Amino acid sequence: MIYSDAGIFLNETKASLVYSRLSKHIRNLGLSGFREYCELVASPAGAAARREMLSHLTTNFTRFFRENHHFEHLRDHVLPELLQRARSGGRVRIWSAASSDGQEPYSIALTVLSLMPNVADYDFKILATDIDPKILAIARAGAYDESALETVSPAMRKQWFSEVEVQGRRKFQVDDRVKRLITYNELNLMAQWPFKGKFDVIFCRNVVIYFDEPTQMKIWQRFAGLLPEGGHLYIGHSERVSGEAKHVFDNIGITTYRYTTKGLGRKA
């Protein structure tokens, strides 16, 4: 069911993960155990329960500037050319394909703003998508506990965050100047993608690892179709591009790839 809905492959080795993420949820529903829960999500009236199940199973650990080498590479080797294009009237698009609670796309936006504070005046957009509508609501709100900002520099925190109170709790709110660069949309990576144009950069980190090998290969190939020559793909630390997509992605750094049609003639 999870596989057909979202491409997530859960074999016997993932049993402890499933138990840890669902057991409390099942108790909160007042159900007797996993058998009754499975009957619920498999029933014709179980669509909402299946969405809840996906939410619990796909919520991943995230933090600002996680795997910071990606943001350093973006800042030093990718953005200078893209920002020059934007200044010249060109279009720039970045996709955070599994954005979770927003810390990844906000990290991208903060990296961009560190180089070009007035980037919102140009045609420079970041799309952030996730399968979970609840986690997207958190992302859009952009209010985080102080502990989440441990990897944000003091200068960046001072410039782009403000202290607020949310339901009696102390939070740090992302500045609207950061938010306006990002559009959040719900998207299942296994479904049809509604995009008309290409992306200059795609971040898809620590998600494809949950797919089986055939599904992973399809996802890499679909990403390839959305990148222009020289476009960049950043993936998770345990992930590797596989299948036919290996012929069009050059590994240029730690889990960092550049799309190039020059590799089309290479043998596997």
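The backbone N, Cα and C atoms fix where each Cβ goes, glycine too.
Features as listed in Swiss-Prot:
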| type | residues | note |
| --- | --- | --- |
| DOMAIN | 1-262 | domain 'CheR-type methyltransferase' |
| BINDING | ASN60, THR62, ARG66, GLU104, ASP130, ASN188, LEU189, ARG205, ASN206 | S-adenosyl-L-methionine binding site |
Which whole-number mean pLDDT does the model give the domain 'CheR-type methyltransferase' (1-262)? 90
ARG66 (S-adenosyl-L-methionine binding site) falls, by DSSP collapsed to helix, strand or coil, into coil
Collapsed DSSP category at LEU189 (S-adenosyl-L-methionine binding site): coil
Reduced to three states, what secondary structure does DSSP give ASN206 (S-adenosyl-L-methionine binding site)? coil
Counting every protein chain shown, other Cβ atoms within 10 Å of the Cβ of LEU189 (S-adenosyl-L-methionine binding site) number 21
